[in-house]
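**Student:** The following block contains the structure, expressed as structure tokens.
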Amino acid sequence: MGNTKHYIWSAVDKFGTQIISFVSNILIARILSPDDYGLVAMLAIFTTIVMSLSDAGFNDGLIRKSDCDKKDFGTIASYNLAVALFMFAVMNIAAPYIAIFFGRNELTNIARVLAIGFVLKAITLTGFVQLVKQLKFKQLSQINIICSLLSFVVVYTLAIIGFGYWALALQPVVIAVFNIILLLIIGKWKPYFCFYKKRFKEMFAYSSNLLLSYIINRIGENIYSVIIGKSFSSSSLGFYNQAHKMQTVPSEAIRSIIMTASYPIIANEKKTDKRYDLYLSVFSKFTFIVSVMGFLLMAVSDFAFYILLGEKWMPAAPLFSIFILITLTYPQKVVNANIIKIQGNSALYRNLSLFDTTLSIIALVITMIYSLEIIIAGQVIVAFISAYIYTVCCGKRIGFSTKKQYRIWCSIVWKPLAAFFVSKVILSFFKMGYWGDMFSAVLFLVVLCLLCELTKDHTYNNLKTICITYLKKTA
């Protein structure tokens, strides 16, 4: 039950915060316009790069290092804060030029406010790492859930009283403030800053490659927002951003549950055969959950956007359905990335990230003259190519070959895929509008369960047993 407890608290944390995020996004999106969302999304690439520089891969390095002490945490905390302060100054100077580039004067002040969030968030980074390192997922979940609730109340209030895009711009600052307060109260966090050059250099060789990887990844992920914001309207970027966000919320919740809990557990496991078994278990469960979730969300996409966000957001629904396909590549990419991070091969991780971003930029150059649908389809193709490369480069290091990974992946994914098509074909004979999606979802789940029971799917039965056991213990 030891490891299961960590997964459960990690699940409470991620699902709790993502549900709150999901609900808050819906309620706020009903008040604000696509233009408001697009305006703030234009700055996404700058904010994510700055946060990558603040983290610099040292947080992963702290988790990976088995003999961390106060000096290690204090040194990295000082680095995080110093970089954040430097980037705060850079962002303030660059803000007017960013506004000129996009042709929106509002971005000057928005960028400067977001820069405050950089500094506040950097202060708490090592505090959260300490909780993860100590496997204190209960306290971590309490902090994140309470913070999400409090920040939602503040941001929603700002949206209601007419702050417009400022409600979104102030959100990172509000979250960072509550994180500091809750870490001190619940996490019993005692901020400590020092700098030991030797400790810094020990982790730099590993973490510097991760830093470059993170920056490359963030550029690849957010370059689309820059181009769409520049080439299309801010409303178009708002639709793109909302579709991406709706896809990211559930898929990132599952990814975080699996990887946040498994990373320190696998990293602490020294026996190669047991590590392999852990990877196999994580990969199978991860594939089953994301494939079921992905096709289920595709089945209800039109209904979900119409009911949850309203008619003004309907142009984002077809974009969301395409985005969901990227989720199917998460098991290969995330699990294999963890393999090389745990083995300390940060140079390979950096090279794979560079390959990812290069592919993304090539796809963007090819598709940017077309519609948003074609642009996202290009991202889907890149995701599948990238996932294959990850399995080739990483899996062989622990005997988890590409062939075996895809055999497991295909043996799981075909069932939700078949259930999706069966439900859509049956519903195609009836004209039920958006509400037909609800019947499609029910049919999908029924067909999926039948297929899993008939084929005696091992992962399905394993997950079912875990859920039943947990429910009995909590009853």
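The chain as shown is numbered from 1 upward.
Any Cβ shown, glycine's included, is placed from N, Cα and C.
So TrEMBL lists the following for this protein:
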TRANSMEM  12-32  transmembrane segment
TRANSMEM  38-58  transmembrane segment
TRANSMEM  79-103  transmembrane segment
TRANSMEM  109-131  transmembrane segment
TRANSMEM  143-167  transmembrane segment
TRANSMEM  173-193  transmembrane segment
TRANSMEM  278-307  transmembrane segment
TRANSMEM  313-331  transmembrane segment
TRANSMEM  352-370  transmembrane segment
TRANSMEM  376-394  transmembrane segment
TRANSMEM  406-427  transmembrane segment
TRANSMEM  433-454  transmembrane segment
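Show me how these features fit into the structure around them.
**Tutor:** Same-chain neighbours of the transmembrane segment (12-32): 137, 140-141, 144-145, 148-149, 152, 155-156, 159-160, 164-165, 167-168, 242, 245-246, 249-250, 252-254, 256-257, 260, 308-310, 313, counting only residues six or more beyond its ends whose CB sits under 8 Å from a CB of the stretch.
Under 8 Å from some Cβ of the transmembrane segment (109-131) lie the Cβ atoms of residues 39-40, 43, 46-47, 50-51, 54-55, 59, 62-63, 73, 76-77, 80-81, 83-85, 87-88, 91-92, 94-95, 98-99, 137, 139-140, 143, 165-166, 169-170, 172-173, 175-177, 179-180, 183, 187, 189, 191, all in the same chain and six or more residues away from its ends.
Remote same-chain residues near the transmembrane segment (143-167) are listed as 12-13, 16-17, 20-21, 23-24, 27-28, 31-32, 36, 39-40, 106, 110, 113, 131, 174-175, 178-179, 182-183, 186-187 (criterion: CB distance under 8 Å, separation of at least six residues from the stretch ends).
Within the same chain, residues 246-247, 250-251, 254-255, 258, 262, 265-266, 269, 313-314, 316-318, 320-321, 324-325, 327-328, 330-331, 334-335, 339, 398, 400, 405, 408-409, 412-413, 415-417, 419-420, 423-424, 434-438, 440-441, 444-445, 448, 457-460, 462-463 sit at least 6 positions outside the transmembrane segment (278-307) and bring their C-beta atoms closer than 8 Å to a C-beta of that stretch.
Outside the transmembrane segment (352-370), and at least 6 residues removed from its termini, the chain residues within Cβ reach (under 8 Å) are 212-214, 216-217, 219-221, 223-224, 227, 231, 337, 340, 377-379, 381-382, 385-386, 389-390, 393.
The list of residues near the transmembrane segment (433-454) in space but at least 6 beyond its ends in sequence, with Cβ under 8 angstroms from a Cβ of it, reads 292, 295-296, 299-304, 306-307, 415-416, 418-420, 422-424, 426-427, 460-461.
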**Student:** Excluding the flanking five residues on each side, which residues at least 6 beyond the ends of the transmembrane segment (173-193) place their CB within less than 8 Å of a CB in that stretch?
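**Tutor:** Distant contacts of the transmembrane segment (173-193): 70, 73-74, 77-78, 81, 113-114, 116-117, 120-121, 123-124, 127-128, 130-131, 136, 139-140, 142-143, 146-148, 150-151, 154-155.
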**Student:** Report, as numbers and ranges, every residue of the chain located at least six residues beyond the transmembrane segment (313-331) whose Cβ falls under 8 Å of a Cβ in that stretch; write 'none' if there are none.
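**Tutor:** Non-local partners: 29, 34, 239-240, 242-244, 246-247, 251, 254-255, 283, 286-287, 290-291, 293-295, 297-298, 301-302, 304-306, 372-373, 376-377, 379-380, 383-384, 386-387, 409, 413.
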**Student:** Which sequence-distant residues neighbour the transmembrane segment (406-427)? Criterion: at least 6 residues beyond either end, Cβ under 8 Å.
**Tutor:** 280, 283-284, 287-288, 291-292, 294-296, 298-299, 328, 331-332, 391, 436, 439-441, 443-445, 447-448, 451-452, 455, 457, 459
**Student:** The transmembrane segment (79-103): which same-chain residues, six or more beyond its ends, come within Cβ distance under 8 Å?
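**Tutor:** Distant Cβ neighbours of the transmembrane segment (79-103) are 42-43, 46, 50, 53-56, 58, 109, 111-112, 114-116, 118-119, 121-123, 125-126, 193, 195, 200, 229-230.
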**Student:** Where else in the chain does the transmembrane segment (376-394) make close Cβ contacts, counting only residues six or more beyond its ends and a cut-off under 8 Å?
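**Tutor:** Distal contacts: 224, 240, 243, 319, 322-323, 325-326, 329, 332-333, 336-337, 339-340, 348, 352, 355-356, 359-360, 363-364, 366-367, 401-402, 405-406.
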